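Q: To start, I am sharing the structure in question, which I have written as structure tokens.
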Amino acid sequence: RTHSFLTVLLWSSVFYVIHMTPSQKRTNKHSHSERITGLSENDGKTLHRTKRGWMWNQFFLLEEYTGPDTQYVGKLHTDQDKGDGNLKYILTGDGAGSLFIIDENTGDIHAAKKLDREEKSLYVLRAKAIDRKTGRQVEPESEFIIKIHDINDNEPKFTKDMYTASIPEMSGVGTSVIQVTATDADDANYGNSAKIVYSILQGQPYFSVDPETGIIKTALPDMSRENREQYQVVIQAKDMGGQMGGLSGTTTVNITLTDVNDNPPRFPQSSYQFSSPESAPPGTPLGRIKANDPDVGENAEIEYSISNGDGSDMFDIITDKDTQEGIITVKKHLDFENNVLYTLRVEATNTHPDPRFLQLGPFKDTALVKISVEDIDEPPVFSRPWYLIEVDENAKEGSIIGQVVAQDPDAAKNAIKYSVDRHTDLDRIFNIYSGNGSLFLSKPLDREETPWHNITVIATEINNPKQSSQIPVFIRILDINDHAPEFANYYETFVCENAKAGQLIQTVSAIDKDQPPRGHKFFFELVPEFAVHPNFSVVDNKDNTAGIMTRRNGYSRSKTSTYLLPIIIFDNDYPIQSSTGTLTIRVCACDSRGNMQSCSAEALLLPAGLSTGALVAILLCIIILLVLVVLFTALKRQRKKEPLIISKDDVRDNIVTYNDEGGGEEDTQAFDIGTLRNPEAREESKMRRDVIPETIFQIRRTAPLWENIDVQDFIHRRLKENDLDPAAPPYDSLATYAYEGNDSIANSLSSLESLTTEGNQDYDYLSDWGPRFKKLADMYGGEDSDRD
């Protein structure tokens, strides 16, 4: 039985201090108490220590119990229990009432369910005993612990389902690869349930594992990645110290051998053969060679070079970093006539050798490369890469200025003809003799217009026009002194009326389009006719400038306002060129410091009282006054009342335009006088439509009229009503007769309503109304008038 494995422990009492008083009563549960007498600092009262009377076993319980009955845990008991059933045991705490059940009479405790130590290893509970009669505790509440003993019900588990590791190839035996770790949920302090031992199930004889630490190590020396790169190792972890009956778990470890540079590059063949046309320009690739290296990554990087050979100066080799190939290229121009075959020795070397494996041999290899040159028909070759020709700008048309020379480099030495690329000589200034390449002039030159000419000369084989080459020719035009100097600027020179003799009034300079090799040198002097000028003189400053000086005191602009001074300018080149420039000198009024105030002769005629500014101000004032008058007049016109009806299309305007008063009293057909007797027309309020109304008038209504009233009496009454009504509008006759009434038997004579009728109306009857209606008949009668 489970309880046979439990030990019995008597719990020591918990001491507590109580103050003894004369009136305090003690029960028989304190019969085993010890009395301790002591003196306190305050009053020296006697203290008692009471020993608790609890008695029960210390409880242990095995996990995963599978028996048919509940598992007995232990028994609670106090020495106050006389066995008469007066005491009641109560259990509280972890799992009380659900996991653990107590018999309240005997104190026996049972486990109601199966327990798992890995979920909870101990339970803390509290017990107390109560007197059934009084309901008081006979013992203070106390805690106790139920410990769950472990059984081996959990297998070891690795921290990862799969491990990945790597190790350099060629590693020595015992090199650590990776450590695997397994854990066991069982109690490591109780038995061997959690004692794990590691072993290898797959991966021998290449690797081994330490049984206690789980460290995987290499077991074979010099494992080569080139032979095998990937290994899969299965490790087992078993508890119970690896003994029979223990539980186990496994994991997989994928081990990769990483590369080291332990293999030199090797050419698959000892020699290579390539060919190149002699016209291949420098940089042209001819072919690729590759040395094989079983290593990978930077360990397989190869550098190619030409170690020796007669073609080391003519060819080069570069390394393609992506493919690790050597690309042989042309380094210099080839010439079949000079050499038809070149031999190279190419070397391939590892760029990152490993010092540990240098004893295996040199990490490089060599191969022989032969390159043959193919003959092709080449274009002509000029004797120079470019030509510079200098010619005087006064060279005559047809004169030869220089020569270019080209020849066929092939053995056939074909004849060559020369020509000028006209895209570079659009003005056709230059030409060339096709047979010998001599350049001559077709037009005169002007250095000042174009100092340089850059043309292109083409040399073409006569037998094969496709073979041609071109060369730049730079033509510099040399200067000839063919331009005379002139004033550098337009000078506005003035002299003050109060100027003194010998005063400098202007400094002049000159320019020349020519460019003499020794630089410009100009001379200034007056023309021979004015060699001795009574008013001014010219002083050459010997630095390509000259000063204009006064020769007398005082000038009068009223007598002479402007002086013209002709000056001759010479240069110092051959042939000497000269020109005459005229300097205009104005006489001006100046202040005491020589500052110009006025140079106009008309200014002397202006009145002293009114200046130009004053006249402008007066003119502006007049213009402003005129603008104000115009604005005032426009505003007054806008205040006038404008009639609402201003269009000629208005009905009444049309009647006025007819200039016809109608048929008069004899015309009884044009208008029915009975309309005047319509009471409804009289009762309606009508406003004037020819002016904008000031206010809205409410026309006063009068008593209705009967049908047989006399027309004359009717009119008099209406006149009287409007005369006596202060609110009635003026023009009462128009206000009355402008309305025809409702449903008049005469209908409307207006042509505006004719647009609403369907179809075309016949107005021919208007012609029968006599001459008074002739204009209406002409307007509405007939189809032609309708179209108009």
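Going from the start of the chain as shown, residues are counted 1 onward.
Including glycine, each Cβ sits where the backbone N, Cα and C put it.
According to TrEMBL, the signal peptide annotation covers 1-20. According to TrEMBL, the feature domain 'Cadherin' maps to 78-158, 159-267, 268-382, 383-487, 487-604. According to TrEMBL, the feature region 'Disordered' maps to 259-288. Per TrEMBL, compositional bias 'Polar residues' is recorded for 268-278. For 604-635, the entry in TrEMBL reads transmembrane segment.
Map the listed features onto the structure and describe their local environment.
A: When DSSP labels each residue, the domain 'Cadherin' (78-158) comes out as 0 helix, 37 strand, 44 coil, counted as helix, strand and coil in that order.
Mapped onto DSSP helix, strand and coil, the domain 'Cadherin' (159-267) counts 3 helix, 47 strand, 59 coil.
Computed over the domain 'Cadherin' (383-487), the whole-number mean pLDDT of the model equals 92.
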Q: So how many of the residues in the domain 'Cadherin' (487-604) end up helix, strand or coil by DSSP?
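A: Counting residues by DSSP class gives 7 helix, 53 strand, 58 coil.
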Q: Grab the same-chain neighbours of the region 'Disordered' (259-288) for me: Cβ-Cβ under 8 Å, and only residues 6 or more beyond its ends, written as numbers and ranges.
A: 168-170, 224-226, 294-297, 299-300, 302, 315, 320, 323, 325-336, 346, 348-350, 352-354, 356-357, 360-376, 378
